[in-house]
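The 5-phospho-alpha-D-ribose 1-diphosphate binding site annotation in TrEMBL covers ARG47, GLY48, ASP102, ASP103, LEU104, VAL105, ASP106, THR107, GLY108, LYS109, THR110. Taken from TrEMBL, the feature Mg(2+) binding site covers ASP103. The annotation GMP binding site is assigned in TrEMBL to ASP106, THR107, GLY108, LYS109, THR110, TRP148, ILE149. Annotated xanthine binding site per TrEMBL: ASP106, ILE149, in sequence order. According to TrEMBL, the guanine binding site annotation covers ASP106, ILE149. Taken from TrEMBL, the feature domain 'Phosphoribosyltransferase' applies to 14-159.
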Amino acid sequence: MTDRLPHEKGFHVSWDQLHRDARALAWRLQDEAPAEADWKAVVAITRGGMAPAMIVARELDIRAVDTISVKSYDHQTQGKPQILKSPDPDLVGDGEGVLIVDDLVDTGKTLEVVRAALPRAHVATVYAKPQGRELVHTFVTEVSQDTWIFFPWDMALQYVEPYRGA
Ligand SMILES: O=P(O)(O)OC[C@H]1O[C@H](OP(=O)(O)OP(=O)(O)O)[C@H](O)[C@@H]1O
Ligand SMILES: Nc1nc2[nH]cnc2c(=O)[nH]1
Ligand SMILES: [Mg+2]
């Protein structure tokens, strides 16, 4: 099953903005670390969670970083989420003390699958849309449901015509 989603607005994120927002996420997470210990590992939801997870892991000095690969979109068309690769079970267990990081939550379908696999993990995203917000423990910026977020790894600088064209 696939849906064509209506996205009226675009929210364009530069590398600089992503870096600032992922750092802000790390600082927020610092106050939410497990009481008895620091986070034991970060699990990035690939691919979009990898850059934010690296920045968070660096800020919080977490050296154990693994990935869970979930594919649910082909450009802006959503399909059924599938786990293509799981993290090391010896490292992550049931998710206790583990920090899951993704770039954003939209419908929440990706996080439903990930949370079912690691039910005790803490889930953090940089951006959140209202439909999936309840599946995230910590996020930085909320954007409206009809907004498509464009990340720097999907964009390139390109020429634009002057306002007063020839
Ligand atoms: O809340 P949802 O509606 O499930 O959408 C959110 C997910 O969609 C995007 O990943 P995508 O499946 O496009 O793969 P990618 O990270 O490899 O780009 C994004 O990085 C999130 O992981
Ligand atoms: N890049 C990007 N991927 C998504 N996957 C689900 N929603 C979004 C979005 O707004 N932007
Ligand atoms: Mg993703």
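Just so it is clear, glycine is given a Cβ too, placed from its N, Cα and C backbone atoms.
Projection of TrEMBL feature records onto the structure.
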residue	record	contacts (Cβ under 8 Å, 6+ apart)
ARG47	5-phospho-alpha-D-ribose 1-diphosphate binding site	SER69
ASP102	5-phospho-alpha-D-ribose 1-diphosphate binding site	ALA44, ILE45, GLY48, GLY49, PRO52, THR110, LEU111, VAL114, VAL123, ALA124, THR125, VAL126
ASP103	Mg(2+) binding site	GLY48, GLY49, ALA51, PRO52, THR125, VAL126, TYR127, ILE149, PHE151
LEU104	5-phospho-alpha-D-ribose 1-diphosphate binding site	GLY48, THR125, VAL126, TYR127, ALA128, LYS129, ILE149
ASP106	5-phospho-alpha-D-ribose 1-diphosphate binding site	LYS129, GLN131, GLY132, GLN145
THR107	GMP binding site	GLN78, LYS129, GLN131, GLY132
LYS109	GMP binding site	SER72, GLN78, PRO81, GLY132
TRP148	GMP binding site	HIS7, LYS9, GLY10, PHE11, GLN76
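Averaged across the domain 'Phosphoribosyltransferase' (14-159), pLDDT in this predicted model comes to 94.
Classification of TRP148 (GMP binding site) by DSSP places it within a strand. Under the DSSP three-state reduction, THR107 (GMP binding site) is assigned to coil, being neither helix nor strand. Taking Cβ-Cβ distances under 8 Å and a sequence separation of 6 or more, the neighbours of GLY108 (5-phospho-alpha-D-ribose 1-diphosphate binding site) in its chain are GLN131, GLY132, GLU134, LEU135. Checked against ligand 1, the binding-site residues ASP102, ASP106, THR107, TRP148, ILE149 give ASP102, ASP106, THR107 in sequence order as having a Cβ less than 6 Å away from one of its atoms. Helix, strand and coil counts from DSSP across the domain 'Phosphoribosyltransferase' (14-159) read 46 helix, 49 strand, 51 coil. Among the binding-site residues ASP102, ASP106, THR107, THR110, TRP148, the residues whose Cβ sits under 6 Å from any atom of ligand 2 are ASP106, TRP148. Of all the binding-site residues given, namely THR110, ILE149, the one with the smallest number of surrounding CB atoms inside 10 A is ILE149.
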